[in-house]
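This report concerns only the one structure given below.
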């Protein structure tokens, strides 16, 4: 007989938009839900839409002083509050106070953080913990509901790459990334896809809270291996761009020897190594400053045990 994991019901949920102020789908949806929350209301749930970086939203820029989605580590969250701190660090402390504290029993049960990418990644769910039965079950439910539209899962669990995301203050952090969409732009198709992902996620939580038992399941995920920079010259300037064969090919297998970059003089730089990888965030506009042309991932399968709420 398969064991069933009993988990506490979900009570407090936040939906974050505007963590990056120029990623407009989340901004648009959260602003709408703040005016009229009927769509995200579920019986027995406290669902709070929230604009995380209002100053960046006002200026339609990714951030004011630094990336809000990278400062939710305990060092930044524990710094003494001061006007000298970067705006986003001060804002992180405010958000941690409202929805955390991080790693505490009082923290919100679940945070959805809504993002857009200029990369051709379609609907993407971002997972931070490969052993989380509840989120694997939720992602399986969302993927099934979104079919036949693909919904990929990006696993950012890595021993040396620490993200310190805004959503990491919650017990269950969920990143939702939908593209391609230029920053500072709204596209109806992307808006519709993100809206449906949130609907299905909230439906799953409601079913779970009402006592539905979810049988064992498994999902394919793409786990981060490393980030790849653009080729650079002696001055540190970019010396090549993403090759046309790689452009828009997120989630597709990339084999050793396949073209990855091409320089202005036509030199093609292939993928090295000896294993097939799956590229994501290919040519993401916001990652030029981070010196990231794309991320290599490996494809694997995660399994979750059967789950049900402890109330039933």
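Note that the numbers count up from 1, one per residue, in the order the chain is shown.
Placement of Cβ uses the backbone N, Cα and C atoms for every residue, glycine included.
The Zn(2+) site recorded in Swiss-Prot includes 20, 23, and the single candidate from 97, 115, 140 that the record places there is 115. Residue density at residue 69 (N-acetyl-L-aspartate binding site): 24 other Cβ atoms are found within 10 A of its Cβ, drawing on all protein chains shown. Of the listed recorded positions, namely 23, 177, the sparsest CB environment within 10 A is found at 177.
Max Cα-Cα distance over the annotated N-acetyl-L-aspartate binders (62, 69, 70, 163, 167, 287) is 20 Å. Note on the binding-site residues 20, 62, 115: the fewest other CB atoms within 10 A surround the CB of 62. When secondary structure is read from DSSP and collapsed to three states, residue 115 (Zn(2+) binding site) falls in the strand class. Of all the binding-site residues given, namely 70, 167, the one with the smallest number of surrounding CB atoms inside 10 A is 70. Among the recorded positions 20, 23, 177, the ones whose Cα sits within 10 Å of the Cα of residue 69 (N-acetyl-L-aspartate binding site) are 20.
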